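A short write-up of the structure that comes next.
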Amino acid sequence: MEKSSSASSLGPGGLDISQAFFKPVSDASPPSTSKRNTKISVIGAGNVGMAIAQTILTQDLADELVLVDAKPDKLRGEMLDLQHAAAFLPRTKISASTDYSVTAESDLCIVTAGARQIAGESRLNLLQRNVALFQKIVPPLVQYSPETILLIVSNPVDVLTYVAWKLSGFPSNRVIGSGTNLDSSRFRFLIADHLDVNAQDVQAYIVGEHGDSSVALWSSISVGGVPILSFLQNQQITYEKETLESIHKEVIGGAYEVINLKGYTSWAIGYSVASLARSLLRDQRRIHPVSVLAKGFYGINGGELFLSLPAQLGRGGVLGITNVHLTDEESGRLRDSANTILQVQTQLGI
């Protein structure tokens, strides 16, 4: 499939009329060589990839957006559908191709592609097929954009972020998994719903594996700057630990419920990844719980693995890991979550 994007060849025989349409300004200086456009490439034009692309466009996060997928007809259809909305969106050049050369000089490469599970297929076999798929995706991204940041969204995100890191040869700060950024948003929503406040006023993190062994950091939750558990204790308000656990279970089951109801998740992960893209490319230095190389943090020393920790993100990728105080129970659960991921990597032989 040939690369396709908007063009100005409206004249006879494809004549470029853009130069004739405008009268040039006299004595104009050329554009600054120190500034260039922001380019984002999204690999995988499925439901998740397109939700991410659409959110990036509406939030005006890129000057150029590139879509890559193995299915040329669907890819071109998605590209045209977005291009046809140009009158309602900030100006963004949208391109698409099955050839990875279209991603050249990307500032951020977002990987959403993944193999679909076959009926009766084991989780381990699915993982092996996804690793094989990443062996075809990551090297060309690195070849064409050696200075890019890799943002992995494909599941299981922690293991595949580790795979992408190994395949890329990049320093670990430039390989990030979407991790529990969305889980934490679900967590904040549920707490806000219980307290009838805005979710943006809730500070709460889910860390560890993006999966069943994730850890809710109850000890550090605050609402409007007020630590919740300390407040309840000071006010002598009793609460059941089972209530807290039920909220965490609801977070874990949130994605499964959406999938059972509509067949897939898309919009929430689209907004989640767009928030990460904004923090990275605009050097916002915001703290997000994302999948990072965890060895050496919070007592995790068993081996190299990626899992979610609160990390400061900016133009250089991961700028640092936040020193959140954990209780002994939370620390133990986090190490258990790390061991869960390491066991999967051992089974894969990676």
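For all residues, glycine too, the Cβ spot is worked out from N, Cα and C.
Listed in TrEMBL for this protein:
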type: DOMAIN; residues: 38-177; note: domain 'Lactate/malate dehydrogenase N-terminal'
type: BINDING; residues: G44, A45, G46, N47, V48, G49, D69, N130, V153, S154, N155; note: NAD(+) binding site
type: DOMAIN; residues: 180-343; note: domain 'Lactate/malate dehydrogenase C-terminal'
type: ACT_SITE; residues: H210; note: active site, proton acceptor
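Neighbour counts of Cβ atoms within 10 Å were taken for the binding-site residues G44, G46; the minimum is at G46. Geometry remark: D69 (NAD(+) binding site) versus H210 (active site, proton acceptor), CA distance 25 Å. For the domain 'Lactate/malate dehydrogenase N-terminal' (38-177), the number of residues in each DSSP class (helix H, G, I; strand E, B; coil) is 68 helix, 26 strand, 46 coil. Note on the domain 'Lactate/malate dehydrogenase C-terminal' (180-343): mean pLDDT across this stretch is 92. Spatially close to V48 (NAD(+) binding site) yet at least six residues away along the chain are T112, V153, Y264, T265, S266, I269, G270, judged by Cβ distances under 8 angstroms. The Cβ of D69 (NAD(+) binding site) has 24 neighbouring Cβ atoms from other residues within 10 Å, across all protein chains displayed.
Other Cβ atoms within 10 Å of the Cβ of V153 (NAD(+) binding site), summed over all protein chains shown, number 27.
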